[in-house]
Structure formats: C-alpha cells, structure tokens
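As recorded in TrEMBL, the features of this protein are as follows:
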- 39-288: domain 'G-protein coupled receptors family 1 profile' (DOMAIN)
- 23-46: transmembrane segment (TRANSMEM)
- 58-80: transmembrane segment (TRANSMEM)
- 100-118: transmembrane segment (TRANSMEM)
- 138-159: transmembrane segment (TRANSMEM)
- 198-224: transmembrane segment (TRANSMEM)
- 236-259: transmembrane segment (TRANSMEM)
- 271-290: transmembrane segment (TRANSMEM)
Amino acid sequence: MNNYTMVRDFVLWGFSHLREFQVLLFLFILLVYMLIMLGNLSIITITYLDSRLHSPMYFFLCNFSLMEMLVTSTVVPRMLADLLSTHKTISLAECLTQSFFYFSLGSTDFLILTAMAFDRYVAICRPLRYPTIMSSQVCVRLVVACWVVGFFSIISPTIQKSQLRFCGPNVIDHFFCDSAPLLKLSCSETHHIERVDFFLSLLFVLTTMLLILISYILIVASVLHIPSSSGRQKAFSTCASHLTVVVLGYGSAIFIYVRPNKGHSTDLNKVVALMTSVVTPFLNPFIFTFRNEKVKEVIEDIVKKIFSRDSGAFR
C-alpha cells in the first residue's frame, strides 16, 4: 500500500461520452431544473396562501415538494457545471458531502411519502378520529422525525467512507457521487460498507414501501364498504396522485439500490438515476395538481383573481 499514491480528487465522468450533445443536455436539464423549482415552489406558495389547503394532507405535500427541490439541488447544479466544463474534478470531501445530502434527503423523502400514506389511511379508514389523530402537533412531529431519522442514518456510512483509501483510478463513472461507483475505486476493504448501504436501502425503500402497501390495502378494504359509487370514487381520487408518485419513486430506487450486482450496469444506472433526480421531481407537481380537484380549484381561483385585476386595471 505504501507504493501507491493516495487519491483525494476524483473526476465525475457523467455524460462525457456524449460530447456532441453536451450543450443540448445542459439546456434541457437547465430548463427542467427551473421548472422543478417553479412547480414545487408554486405548490408550497398556494398551500401557504389558501386556507382551503391548510390540512395535514397538504402540509405533508409541502414538505415533500421542499424535499424534491433539495434532493434535485444536490445533484443538478453540479451536473450542469460539469456539462460545460473541461475540468470535472471533485475533492473527496465535496464528494462525500454531496453523497451525504443526496442520500439523507432521499431517505427523508421516502419517510414523508410513508407519512402521507398514513395520513390517507386515517382520513379514509378513521374519519371521525382524523382531527384528533392527525393534529397539527402530530404532523409536525412526524415530519421532524422523518428529517432526523433520514439524516442521522447516513452519518455512520459517510464517516466510514471518509476513512477509505483510494489509490487510483480516480474516475467516478456517474454524474454525481453515488455510493457504488465510489466504492469501486477504493483499494480498502469495502464489504462492510456495502452491507450497511444495502441494509439502509432495504430499510428506507422496502420497509417504507411495505408500510405504504399495508396502508393502501386497508384503504381499499375500507373504500369497498362505501355504498355509493361517487363516495368510492372520491375516496380513491384523494389517493391517486400519491400512489402515482410512489410507483415512480420506488420503481427507480429499487432498480438502482435494492438488487444484486447493482454497481455493474453503470450506464443504465445513470439513466435511471437521471429519471429519479430530474424527471420524477419535474412530473410530481403536475401529478399532484392535475389529479387533485381541490388544488385545481385553488389554482383556477387564483388565475381568475389575477385576470380580474388585470382587466380592472385596463378599464
């Protein structure tokens, strides 16, 4: 080991093999990133401004939108800079910092989705006790718990990765500091860290997915006992947007992090990771607005107010 030079800087390879499309990729991802920020910020703003959306369901939705903005911002700005740069180097400290925030925020994201499923379960299966169970204090504590658990769970593996030795090569075949491509470059023993990463993936992806699945099984069983078809449709419509986001988010996460030999299909992993960090956060605001009647009603009222003011100003 003494004959090796320790590597402290890495190169994020990203999409460097698509050299002729670098500018087009930059413009496309920049546009999508701006729309992600605008869409999720709009959800937070209208929820804050309109009293009709001051309920636990939309409180969790605001936190989810904030989380989507933060997760995307840990990856996309650096990726945009690298697309136009010839020097794509990143230090080990910067790499571990990006990795820590990406996985801690991502873990919190899954926990908040689970809290949203629990909220829907209580609203549909325990409607009379809903105001008591999902009080404002309970909602705040749930969200704080999601943040604390998500962040503290990633501290230990991050510290362990900071103690690894890297002897070269130093090219990370990804557009951000994902765990598996980084561990492949280490000349230290990494089996323990890989097991910890896999355990955390099981915990935050499969366990939360199981809890969501149980919630929806109970919801479906309860909805089927509603006598009117309009009542059943209304109950299912309140869950449709959340369920769509769950399918999109969990599908890509399971493909990347909860499967054997997850570090080998690098190109495919990059495409799926791009879907997770860019495409899905872009689609989520549209899913939550176009599939939610109350949010559409609030947006329509805001648009009418804006146009009525503009028409009054021209008179």
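Placement of Cβ uses the backbone N, Cα and C atoms for every residue, glycine included.
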For the transmembrane segment (58-80) against the transmembrane segment (271-290), do we get 3 or more Cβ-Cβ pairs below 8 Å once near-sequence pairs (under 6 apart) are dropped?
yes
If we skip the immediate neighbours and take only residues 6+ beyond the ends of the transmembrane segment (271-290), which ones have a Cβ under 8 Å from one of its Cβ atoms?
29, 32-33, 35-36, 39-40, 42-43, 61, 64-65, 68-69, 71-72, 75-76, 174-176, 178, 241, 244-245, 248-249, 252-253, 255-256, 296, 299
